Amino acid sequence: MTAPTTGATAGTTAPAPVPVPAVEAESTADRLAWHLCGGCRTLLYGKRFLAANRVCPECGWHAPLTAPSRLAQLLDPGWSELATPVPADPDPLRFTDSAPYPDRVRQARERTGLAEAVVCARGRIDGAEVIVAAMDFRFLGGSLGSAVGEAITRAGELALAERTPLVIVTASGGARMQEGLLSLMQMAKTSQMLGRLDEAGVLTVALISDPTFGGVAASFATLCDVIVAEPGARLGFAGPRVIEQTIRQKLPPGFQTAEFLLNHGIVDMIVPRGDLRAALSRLLRVATGVHEVAEGATAEGATAGGGLSDGHDGAERVITEVLHLPVRHPWDAVRQARALGRPTTLDLISLLLDDFNELHGDRASADCPAMVAGLGRLGGVGLAVIGTQKGHTVAELSERNFGMPSPAGYRKAARVMRLAAKLGLPVVTFIDTAGAHPGVEAEERGQSVAIAENLRLMGALPVPVVAVVTGEGGSGGALALAVADRVLMCANAVYSVISPEGCASILWKDATAAPKAAEALRVDARQLLELGIVDGVVPEPDGGAAADPVHAAALVGAALRATLATLGLAGPEELVYRRWLRFRRFGAVAGEPAGASPPGRPGNSEHPGHSEHREQSS
């Protein structure tokens, strides 16, 4: 382990002893010892166990890490430890159980070599600057007391002052009972600190290790932008024993584990310990990259960033003239749009983006498999990508709910849009859905509300928003991802208020009249461009996107780069105002200007982003 350099914050007193010697001595002893795996109960030789970062090579069980070991694992060599604050009154309640509270703290310090249950540091992950606060369960169960809350808050305030991402590694049984309600106040204090980082647009990441419960789980552990969990890590407000003893409820297998929480929409990703550095590095590269218009970009988007090349010049990237599109029967487009070979959202992501970080869950109840969302880089530009996901086989379609999102899917999309607004990243959406998922459960969980909230949210995003209908654009379920500055459509895609079959059944009383309904609804790209519903059409390879998915993806990528370059020239207020004008004109009264700015121009309202956006808007 590389010993950290020491550093103190002005006005604080660095505690003794320094933690590094105790950790090194422990590691030397561990190397010669045998360890019993907490998962499969296999005996592991110390040298092999430590080489695997305390992960069982047989079953993958992740043993606890000390805070200094965690920092050494995550950070580049040369990181510096921040001073641990000392509360004015370390024993405010004069608390005694079987031993006085000060004696317990003293014993914990002697046993661990730490000043408190958290170690904070300044360092880098693959060169990207970060502030890290790592908790240590060995110190009074990692409990949240005044010193821990103050240390984490100060780490956050340093991240705020330096506009540096904050990473918090959690390991805690909850609030420190010996400090009473003063411990509980640390939940509020740290939560307010994270709120300030949200306002400032500073990325926050929580790394959940086992266990994380109580006041820590109900504050900073679950308020960060991205929640990463180690395999098997447990997270919850009330522990299993409390639940079983209080309400006598039988708990399901795997309850409160990372895997359980991923399925229930609480954590973004599960990352094995050996992959954590790479995962955090990838996330930092995207989230902290500066969004700039490509050098030489013009209002027409004649040049754009790198990425896949389509071999076409700028004029062919997006077709904006109706005369340049062939006349066709809309039913032909419907059949092409539904072809299973067309590139899906995940196909487009894999072909177009670098450093993609898929984010899961609505942070409330579920993770919808029909909606994919995350952060990545297109030609070096960081952005948020959100899209409905179908599949190429019946099995894949079934697994992805046939691309029909649940309320949790739309709420996941909204969460990632808000994150993009906070970080100042453009939003790109890919739409290929027959519509929002219907059914009892969807209605019980507020499908209408989830869609409506997305419409309102997208209208106020202070960043460029581009929507691409890549296949089917079905009704409000598609519109919930299409309130954008530019709405593009692939040449063989369709976009409609209802499926042709549904329209035919209702109005013609005959499902076989679907081709006639498609024609009446004008669902194809040419007619929707003529109506002004879409702003441009993305060409497809000969034979359609299914015939050459790689080329089709390249064409989409070229269209996106050109469009984002154009939108990047406008500020947040102008983007919001033009987006409002774009949708305000639909259904305007004849003879009245559809674009007249009413009192309280939309661009002047508060955006769901950070303070820098609001400053630019003033």
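Don't overthink the numbers, they just go from 1 along the chain as shown.
A Cβ is built for glycine as well, from the same backbone N, Cα and C atoms used for every other residue.
What Swiss-Prot records for this protein:
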BINDING   C37, C40, C56, C59  Zn(2+) binding site
COMPBIAS  607-618  compositional bias 'Basic and acidic residues'
DOMAIN    33-302  domain 'CoA carboxyltransferase N-terminal'
DOMAIN    317-566  domain 'CoA carboxyltransferase C-terminal'
REGION    1-265  region 'Acetyl-coenzyme A carboxylase carboxyl transferase subunit beta'
REGION    33-566  region 'Carboxyltransferase'
REGION    266-618  region 'Acetyl-coenzyme A carboxylase carboxyl transferase subunit alpha'
REGION    591-618  region 'Disordered'
ZN_FING   37-59  zinc finger
DSSP says what for the zinc finger (37-59): how many helix, strand, coil residues?
6 helix, 4 strand, 13 coil
Out of C56, C59, which of these binding-site residues shows the lowest number of other CB atoms within 10 Å of its CB?
C59
What mean pLDDT does the predicted model reach across the region 'Acetyl-coenzyme A carboxylase carboxyl transferase subunit beta' (1-265)?
89
Within 8 Å of the Cβ centre of C37, C40, C56, C59, which other residues of the chain have their Cβ, at the recorded Zn(2+) site?
G38, G39, R41, T42, L44, P57, E58, G60, W61
